[in-house]
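> Have a look at the structure that comes next, please.
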């Protein structure tokens, strides 16, 4: 039977626990999360176990990536269920700090990332977001000092931002993107899916179907503008309010206009009722 994970809530406790792991010459993988864990998160843990001998999962709802009008206060917090799931997966250490531990009084430092963070996608609608993400992930990398860190590809722009930050700051952390995990009907798993009404939940998979159809059109040789128009019409006809639906270079997130531009990623964000969903697919 697997040993239950150590739970650290203070920096001294985290350092002691990490010291115990490192004394065994362990390689360490970090899986940063905000809790409300689902099978998508657990797939990251399983990948982490394949990439390192010890796995640390952080559970922290990061206030600096939420704007005042967003859902920080109502974001699902399910600590007991999360801890049980992580124990069942054989996680070695859970880092569960509070806000005062991560951002003590007088905290005044922020990491800002250009390039993919200002690609005109999420940053247009959530200009605060990537500075908050880069700052908290930078702190987690310094606190845990992992060899590898696992992030889901559903938040594709975030993955690119974190990868750039990790490289630019010489963290020594290898950032690995894991495949998006989907429900049987194609909806990308997300902690925010719980906000959907039963009726909206039936409509939500249209987002993925529209992206697949757009990718099909692109592969058939149609222009990016024409292909995206087809997908956008599918999305809005289903009742979504579209924030963006774009074809970008998969590595740089630069706008593209043909398949010859390099590897392509379709990225979308749209609101269904009060719930904002994001997703992406490779072409």
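Note: Cβ is positioned from N, Cα and C throughout, glycine not excepted.
Marked as ATP binding site by Swiss-Prot: 34-41, 152-155, 181, 189-192. The active site, proton donor annotation in Swiss-Prot covers 41, and the record cites sequence analysis as its basis. Residues annotated as beta-alanine binding site in Swiss-Prot: 65. The annotation (R)-pantoate binding site is assigned in Swiss-Prot to 65, 158.
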> Compute the C-alpha separation of residue 65 (beta-alanine binding site) from residue 37 (ATP binding site), stating it in Å without decimals.
18
> Check each residue in the chain of residue 37 (ATP binding site) that is at least six apart in sequence and keep those whose C-beta is under 8 Å from its C-beta; list them in sequence order.
78, 81, 82, 85, 86, 191
> Provide, as an integer number of angstrom, the distance between the C-alpha atoms of residue 181 (ATP binding site) and residue 41 (active site, proton donor).
9
> When a 10 Å sphere is centred on the Cβ of residue 40 (ATP binding site), how many other Cβ atoms does it contain?
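There are 21 such Cβ atoms around residue 40 (ATP binding site).
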> Where does residue 37 (ATP binding site) sit in the DSSP three-state scheme?
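Reduced to three states, the DSSP call for residue 37 (ATP binding site) is coil.
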> Around residue 65 (beta-alanine binding site), how many other C-beta atoms are within 10 angstroms of its C-beta?
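Summing over all protein chains shown, residue 65 (beta-alanine binding site) has 21 other Cβ atoms within 10 Å.
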> Report, in whole Å, the straight Cα-to-Cα distance of residue 41 (active site, proton donor) from residue 34 (ATP binding site).
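Between the Cα atoms of residue 34 (ATP binding site) and residue 41 (active site, proton donor), the distance comes to 10 Å.
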> Considering the binding-site residues 153, 158, 191, which residue's Cβ sits among the greatest number of other Cβ atoms within 10 Å?
158
> List the residues of the same chain that sit at least 6 positions away from the residue listed as 'active site, proton donor' in sequence and have their Cβ under 8 Å from its Cβ, in sequence order, or write 'none'.
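Same-chain residues close to the residue listed as 'active site, proton donor' (Cβ under 8 Å, separated by 6 or more) are 31, 33, 152.
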